[in-house]
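J.: As listed in TrEMBL for this protein:
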BINDING   Cys67, His304, Glu346, Asp374  Mn(2+) binding site
BINDING   Arg106, Glu218, Arg219, Lys241, Arg272  phosphoenolpyruvate binding site
Amino acid sequence: MDEVLRDIRSCDALQQPEWTDLPQVDRVGEALAGRPALVQAADLRVLRGSLARVAAGEAMVIQAGDCAEDPGECTPQDISRKAALLDVLAGALRMEAHKPVIRVGRIAGQLAKPRSSPTETVGGVEIPTYRGHMVNGIEPDPEARRPDPLRILTGYMAADDIMEYLGWRRRAAGQDPIGPLVWTSHEALLLAYELPMLRTDERGRLFLGSTHWPWIGERTRQLDGAHVALLAQVDNPVACKVGPSMEPAELLALCERLDPDREPGRLTLIARMGVGRVAERLPLLVEAVRAAGHPVIWLTDPMHGNTVAAPDGNKTRHVETVSREVVLFQQAVRAAGGVCGGLHLETTPNDVTECVSCEADLDHVGDKYTTFCDPRLNPRQAVSVVSAWSA
């Protein structure tokens, strides 16, 4: 593993915090390396098998949860409500697609965020941008925004609690979990967390112990970057966001790095095009990947390409636009011979007003706006978006 870590650390790593206490980062990494993995290698093989069914067109995926998790929302009641929303969305998708649905949460580790700028100006003072609770605080003052490595340990402990409440500790102990499985996923962004969570299974294979299903974001998918190097090495199923700037040759090179053996269930591509670009850009990419023989799953992220500003300055998303991208995604992928595997959404079980269902809602976006980063669908809106799926 030491050689693998050296190789990954030798690559460019974008979107990392500017840590000021590097010895503390090292101490946190040593502590994490001695903690139990949050996931079991055997479960990763089960998930890959389930995703292989999705790649074959026999099942679907609903992947949903917070844009940025709040570690304060990891009580049994909080997690029960988030799992319940996944159940509702899975049921809605099954009604539309007529196939079994795998439930995946953006949960138990979605605590670090890439940002377009390292700083922002608040009240005339330039401060570091909020990068998720595993890095710094949401409060707009310089001290709270200072990257603190100890937050990584706090995030790990919150994720560990969530794994217990989702039933994974029961499963690890040989007991059947109560209710459907909720698999965990997050963007594998913060290398000070992800690298110490690498583990070796009983067969000598490397896996990422922080989550079942890691993904690479649009800002960190550089072919020679550390994030691609990391996920190329692990036995987990992996995913990568694909935006409108992606060229076919670049995507094929990424597929070759992440899925060299062309294994069904290994690689998922999450299209985040924007409603105005999906019909133009996506078919070329789907055709190229299919022609190269990669049995990928295509998911739609119909939210990130459709963010606009509300009159009060808050970011928002129009549910109608989000739903329209779901429809256009399916048309594009099917026409190009790909597999439409499901949806990747930012949601909350709370009755927030962050996204809008009609023009009149634009004047009320800020009424219940509690997201730490991007706007989320409330349960009613999320069901509406999922219901745009067609069999």
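Note that the numbers count up from 1, one per residue, in the order the chain is shown.
Here the Cβ of each residue, glycine as well, is placed from N, Cα and C on the backbone.
Note: TrEMBL annotation is automatic and uncurated.
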J.: Within 10 Å of Cys67 (Mn(2+) binding site) (Cα to Cα), which of the binding-site residues Arg106, Glu218, Lys241, Arg272 do you find?
T.: Arg106
J.: Helix, strand or coil at Glu346 (Mn(2+) binding site), per DSSP?
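T.: For Glu346 (Mn(2+) binding site) - judged by DSSP and reduced to three states - the answer is strand.
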J.: Around the Mn(2+) site (Cys67, His304, Glu346, Asp374), what further same-chain residues have their C-beta within 8 angstroms of the site's C-beta centre?
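T.: Residues close to the Mn(2+) site, other than Cys67, His304, Glu346, Asp374: Met303, Thr307, Thr371, Cys373, Pro375, Arg376.
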J.: Based on Cα coordinates, which of the following binding-site residues are within 10 Å of Arg272 (phosphoenolpyruvate binding site): His304, Glu346, Asp374?
T.: His304
J.: Applying a 10 Å Cβ distance cut-off over all chains shown, what neighbour count does Asp374 (Mn(2+) binding site) have?
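T.: Looking across every protein chain shown, the total is 18.
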J.: Let's check the environment of Glu218 (phosphoenolpyruvate binding site): how many other CB atoms sit within 10 Å of its CB?
T.: 19
J.: Just jot down the residues in the same chain as His304 (Mn(2+) binding site), at least 6 apart in sequence, with C-beta under 8 A of its C-beta; none if empty.
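T.: The answer is Glu218, Lys241, Gly243, Arg272, Asp374.
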J.: What is the separation, in Å, between the Cα atoms of Arg219 (phosphoenolpyruvate binding site) and Glu346 (Mn(2+) binding site)?
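T.: Pair distance, Cα basis, whole Å: 18 Å.
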J.: Which secondary structure state does DSSP assign to Glu218 (phosphoenolpyruvate binding site), in the simple three-class scheme?
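T.: SS state of Glu218 (phosphoenolpyruvate binding site) = helix.
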J.: Counting across all protein chains shown, how many other Cβ atoms sit within 10 Å of the Cβ of Lys241 (phosphoenolpyruvate binding site)?
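T.: Total other Cβ atoms inside 10 Å, all chains included: 21.
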J.: Using DSSP reduced to three states, classify Lys241 (phosphoenolpyruvate binding site) as helix, strand or coil.
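T.: Going by the DSSP assignment, Lys241 (phosphoenolpyruvate binding site) falls within a strand, counted as strand.
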J.: Using DSSP and three states only, what is Cys67 (Mn(2+) binding site)?
T.: coil
J.: Taking Arg106, Arg219, Arg272 as the binding-site residues to compare, which has the smallest set of other Cβ atoms within 10 Å?
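T.: If we count Cβ atoms within 10 Å for the binding-site residues Arg106, Arg219, Arg272, the smallest count is at Arg219.
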J.: Using DSSP reduced to three states, classify Arg272 (phosphoenolpyruvate binding site) as helix, strand or coil.
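T.: SS state of Arg272 (phosphoenolpyruvate binding site) = coil.
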J.: Just to verify a number: CA distance, Glu346 (Mn(2+) binding site) to Arg106 (phosphoenolpyruvate binding site), in angstrom, no decimals.
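T.: If we compare the Cα positions of Glu346 (Mn(2+) binding site) and Arg106 (phosphoenolpyruvate binding site), the gap is 8 Å.
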